[in-house]
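**Student:** Dumping the structure here so I can ask a few things about it.
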């Protein structure tokens, strides 16, 4: 088992993006997925960083793929998607519709916002050329195990959401803009103020969700750490880490040590690294996604 | 005339919809294969066959929604649902999962396939992809598009389009939302339920009425006022400050329902083939009234007459109506 | 129309004790004549539903799977899995099915406690049964029923029949 780093979910400026990938090149991860995953309006602000980021990861011996948007609607977005397939790098589709642009026989990866819930879909994707599939975060362990087995039979590496606020929903509406009484078309890029997303609590003060432009994430940091052994036994080939603010290299190292079977109890290390965060593994444990299972300790 | 596609959660509602003038009725089996897997709703195999026969005898079609995503290892339940719908004489099945589409296209080549809104095919390329790959004949468009975008899609595809015009409103791209399973463990994609009643708790506390979902407070209203059903994305939340001003309110969507009556002529002009009414969980009385009103509106649109007004005001009582994403400002 | 009428009825001029008994008999009759309700309830049929009709002096505990209806004093609330509370008019409106259940529940005319899913299952099962209150009332022979039926007709000028609406 190894580590994949997913695309940056949040609106980071070019300097932050550059620093992130420079650091990631030194981190113990096997591959990275780069690209604007959430909102095409953000892309012009940081797309100049993409070639350098690809090069930094490739020179460090890591695999690289480019990500599509999660929700592709506009003509401009469709063109951008088509352009991705022309780069020669593997493309990770985040929207099933992106397959329309796939050149015949070209290999591709599948991200966690594509609905791969069963063997039929996984096998169909494999026949189309899928090489890696990161499963939707809401899948329970029982489904993960079956899909990992199906992936092994079909020659597809199956990944599981390993660390980060889980992507829960995508919308045509921008909630960040709405929080500022603006429409999406006049958003003034307010999502850039919140590099880990904007917190949403219940009226009685319980932390609940995170708003990130048109995307909604969980508030708790979803972690697969308590399930590493079970995932390995099931044949899962990688954990996906989602970029966040802070010392990402140290975070990746926690997961790398867990994959190597290290002691002490890695959840304690994770808590030490992110003392403000609350953690959840409910999806894998077959509970509500926001919950933390007893196995997590 | 555009086709009016109407909801039926029970055989009684199916009969009511047909009687009220539905061109087509959509419904599902009473299990996890459909996205309205609510307590006390939906059709047994016998009820489905009888419902289809009833509708056909009166010139109406029945579309069977099998639009959840089959659980790994248990796809047989979904495959049987497709086979049983075909055997019962369904005019089409409404599917979302790629694996299930591939299965249906292979195993039931004569069966008409519609792409569920749960597949969230939001642009012409995605729609053409499903049409070319699986022979999908109609796509139900996700509720994230403007009328102009719908018109543009229709110019670029031969696949029929169907859009929602009335009822509950998903603010997220359908079929791509795990908010419900984050709070409760049960999701539209896996279990066919959103904000399930099994995880709802109403209680009074400190003189206020509270509605919780999976333990999370979704609504709080003063005593004596009605408490809305705690549908997660329609809840009232707070975004604490920090760099910005704290905000409290309906952060995702106000408790509104969709009413696109006034847009029917524009949707027809945009090339939309069918209009869909949401509400398989609503009563047969509601279905009858809405269908009757929309049949009149569709006929008026077909003959260039103005849209009848105020006919549904009572049914959106207590709830503001919105035209949702069809107007660009909604975003 | 019928729904608006039902919700705005003044309380019926009957001895309160008689009302509780009569309502209990009416519901039992409905369950007997519409076995599909129990089928549609599925596992929720095993729940105990507390019916708190606010203008009736007693509480009713309905156990569909057991085919049982019990009457309790208001001072002795029995254990129950799900509760529905509202005026007699709102209850009859739900039974007769002329109004959308969502509207009744979420306008506050009927309030839910306990197992919300069981209540929704009951609502949906009742809706599918196409209950006609006039027929149900006519199926009863008791004096209270004739009185209620006459009173409903007097108040409304309508026939509470499915075929009449």
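Every residue gets a Cβ built from N, Cα and C, even glycine.
Not my notes, these are from TrEMBL:
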- A:39, A:174, A:187, A:191: [4Fe-4S] cluster binding site (BINDING)
**Student:** Near residue A:187 ([4Fe-4S] cluster binding site), how many other Cβ atoms are within 10 Å of its Cβ?
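**Tutor:** I count 21 other Cβ atoms within 10 Å of it.
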**Student:** Please work out the number of neighbouring Cβ atoms within 10 Å of the Cβ of residue A:191 ([4Fe-4S] cluster binding site), leaving out its own Cβ.
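**Tutor:** Around residue A:191 ([4Fe-4S] cluster binding site), other Cβ atoms within 10 Å: 27.
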**Student:** Other residues with Cβ within 8 Å of the Cβ centroid of A:39, A:174, A:187, A:191 at the [4Fe-4S] cluster site?
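**Tutor:** For the [4Fe-4S] cluster site, the extra neighbours are A:11, A:41, A:42, A:176, A:177, A:184, A:189, A:190, A:213, A:214.
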**Student:** Within 10 Å of its Cβ, which one of these binding-site residues (A:39, A:174) has the largest number of other Cβ atoms?
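**Tutor:** Answer by Cβ density within 10 Å: A:174.
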**Student:** Going by DSSP, is residue A:191 ([4Fe-4S] cluster binding site) sitting in a helix, a strand, or coil?
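**Tutor:** Helix, per DSSP.
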**Student:** At a CB cut-off of under 8 A, do any of the binding-site residues A:39, A:174, A:187, A:191 come close to chain B? List them or say none.
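**Tutor:** Cβ contacts with B, in sequence order: A:174.
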